[in-house]
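Per Swiss-Prot, the feature FAD binding site maps to Gly11, Gly12, Gly13, Leu14, Ala15, Gly16; the stated evidence is sequence analysis. Per Swiss-Prot, the feature region 'Disordered' maps to 450-482.
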Amino acid sequence: MTQHPPLTIVGGGLAGCEAAWQAARAGLRVILIEMRPLRTTEAHLGDGLAELVCSNSLRSDDPLYNAVGLLHEEMRRAGSLILAMAEAHRVPAGGALAVDRQGFSDAITRALAEHPLIEIRRGEVDRLPAVEDGPAIIASGPLTSAALAAAIAEATGETSLAFFDAIAPIVHKDSIDFDRAWFQSRYDKGDGRDYINCPLTRDQYDAFVDALLAGEKTMFKEWEGTPYFDGCLPIEVMAERGRETLAFGPMKPVGLTDPRNPGLRPHAVVQLRQDNALGTLYNMVGFQTKLKHGEQARIFRMIPGLENAEFARLGGIHRNTFLNSPRLLDPTLRLKARPHLRFAGQITGCEGYVESAAIGLLAGRFASAEILDAASFAPPPPTTALGGLLGHITGGANAETFQPMNVNFGLLPPLEARPVRPGAKPRVPKGRERKLESARRALVDLGDWLRQPSPWSAEDSPRAALPIPEPTPLGPASGSSE
């Protein structure tokens with residue numbers, strides 16, 4: 001029997017635990033290293049694995065109309081430890097999947113500790129494993145220790161490891177009103193269609209600034225210690241520095257002409273820049289913010305053209321440690337400069353507990369397939385939530401503006417147009433219909449992926465209890481939140 005090298009995993013959060021589980025399912029020996037309790041963080045309370053720090057919610061569990069719910073379902077079918085333990089320790093939360101934090105962490109810690117192929121070690125890792133140390137996955141999370149962060153920065157380049165994320169909201173392009181917005185680059189540079197522009201009159205601008213100043217903000221957590229710096233001020237802080245600061249900053253109208261009113265320059269313009277290769281998502285340039293999420297949606301929908309905006313992601317500024325993954329990682333999460341290393345979890349630039357665990361699941365499978373020489377093992381299709389998230393962080397996102405991203409339907413390829421009824425003109429599904437059709441396609445394609453020959457195919461569940469809905473007759477276009 002071939003003796004394979006063990007897989008070393010650094011970090012006992014959701015991503016590291018999921019990666020370890022997937023590798024052990026494939027029959028590999030795993031060494032899982034967690035620095036707590038020998039070295040703690042400002043945020044963690046205990047020494048259990050997979051400790052949920054900020055919330056006990058894994059968000060919506062609706063697999064047909066919500067992208068994170070779809071990701072839940074895909075992970076369940078792929079034998080996810082995190083989703084199995086979340087189900088076992090579920091607490092009432094309406095349509096969300098929320099868990100008893102302590103029971104959840106204890107159960108995952110116990111499952112890994114009792115697995116005969118998994119060895120849990122406690123201690124800080126202050127350097128990246130060398131080639132001779134064997135294959136490794138770095139899943140050290142947003143609170144990576146200073147020593148390991150320095151080692152990662154040295155290996156990737158100082159500018160490639162961010163310690164704070166400045167997140168601007170991202171809007172689904174198909175929810176923008178182009179009767180009011182238009183495509184144009186400032187001074188018509190580039191191809192002239194690099195930005196979407198939303199104009200504001202003086203009165204609209206004043207009302208917008210008033211709303212920003214009055215909007216309810218989220219405070220930094222004490223342990224974040226995040227300073228503001230001038231290159232990344234929240235939009236509401238800029239407004240506090242003077243009512244015209246935004247009109248001379250990120251909302252300046254110079255070099256732009258409203259084609260519907262070419263003789264009158266808008267008082268201000270909000271620009272949105274393409275955020276993914278598919279062209280389905282656009283980020284609001286310079287709109288990083290600490291406004292509460294409900295306030296963001298309300299206030300930003302005051303902007304002409306964004307009255308019915310659907311947000312793939314809302315903004316924020318908080319402490320984080322993440323790579324410029326589109327530049328640094330290959331499609332199987334390997335560090336291009338050191339391919340014996342993979343990265344997983346929030347450090348790759350995915351945002352959220354579920355997304356972190358999902359990337360851990362994929363990293364564990366990719367590393368295992370490579371160790372076992374399963375060359376035919378392919379990444380999940382881009383039409384799935386797993387594949388869409390993976391594709392975004394490993395190349396689909398713009399490396400120049402990369403910021404952490406939640407899973408959302410905008411990461412999946414657009415649907416094809418089809419007739420509402422026989423003989424009718426084809427159209428692309430919108431709103432809830434788009435989400436349902438995207439989920440249906442994802443689950444069908446996921447089933448095909450899970451059935452490919454692999455170390456996991458005997459235990460995966462390509463066909464789960466949830467029925468895969470058939471394509472529905474297209475009714476009137478409708479909207480829904482992610």
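In case you wondered, yes, glycine gets a Cβ from its N, Cα and C as well.
Feature annotations (Swiss-Prot) mapped to structure.
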residue : record           : CB count, 10 Å
Gly11   : FAD binding site : 30
Gly12   : FAD binding site : 29
Gly13   : FAD binding site : 27
Leu14   : FAD binding site : 34
Ala15   : FAD binding site : 35
Gly16   : FAD binding site : 31
Other than Gly11, Gly12, Gly13, Leu14, Ala15, Gly16, which residues of the chain come within 8 Å of the FAD site, judged by Cβ distance to the Cβ centroid of those residues? Ile9, Cys17, Glu18, Ala19, Glu34, Leu49, Ala50, Ala139, Ser140, Gly141, Ala344, Gly345, Ser356, Gly360
Reading the DSSP string in three states, the entry for Gly11 (FAD binding site) is coil
